[in-house]
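Listed features, source TrEMBL:
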DOMAIN    1-207  domain 'Major facilitator superfamily (MFS) profile'
TRANSMEM  45-70  transmembrane segment
TRANSMEM  77-97  transmembrane segment
TRANSMEM  103-125  transmembrane segment
TRANSMEM  137-158  transmembrane segment
TRANSMEM  170-189  transmembrane segment
Amino acid sequence: GIGGGFQYGLQVSIINSPAEYIKSFIRETWLKRYGSSPSEEMITLMWSFVVSIYSIGGLLGSLSAGYLSVRFGRKKAMLFTNIPALLSATLMGLSRLCGSFEMIIAGRLFSGVCGGLALNIHLMYAGECAPRKLRGLIAITASTATAVGKFVGFALGLREVLGVDALWPFLMAANALPALVQLLTLPFFPDSPRYLLIDKKDKEGCM
């Protein structure tokens, strides 16, 4: 769940606290680049892109989840979700240093792709690996991971943690940590028995 529902919950909640800092960053960057202050409508438009493009990325990720999970298997598909997660963390974490608010928009798009992939494949992978008696309980872990991700996102956004002007790029790049944890641990997990039997025709591996 740390690379599945957790990633989705984290990215949904983490954007709330640095809102004013990101708007100020857009204003400062625009002024340096074009020599004039942007209108409030332009700031609102750019901020709307930052927030809403996550949903577009989520749609793209969700549409790709089925193909990737059948083509490469549930485990490899879950590992693949860490690529857009790390890419988004890099873009958003370095956006201030590079003086580019467009990097935040691109980072949010990639984090949306990660969320869309991770949430769908997490449910599939966990449900197919679970023993029959525990299948319902294991399926609920996706909702639990999402809720924990939202809580962690809000907690990291507190002013006592990372919710200050100097640290908001680190807050936006926080999804790199669960992605790295999953990259290091998931290779030791088994693949889905259903995938091995139905898609790979590997009855022995399934057993």
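Using the three backbone atoms N, Cα and C, a Cβ is placed for every residue, glycine included.
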Stretch among 45-70, 77-97, 137-158 sharing the most Cβ pairs under 8 Å with the transmembrane segment (170-189): 77-97
Contact set, same chain, for the transmembrane segment (137-158): CB under 8 Å, 6 or more residues outside the stretch: 1-2, 4-14, 16-18, 119, 122-123, 126-127, 129-130, 171, 174
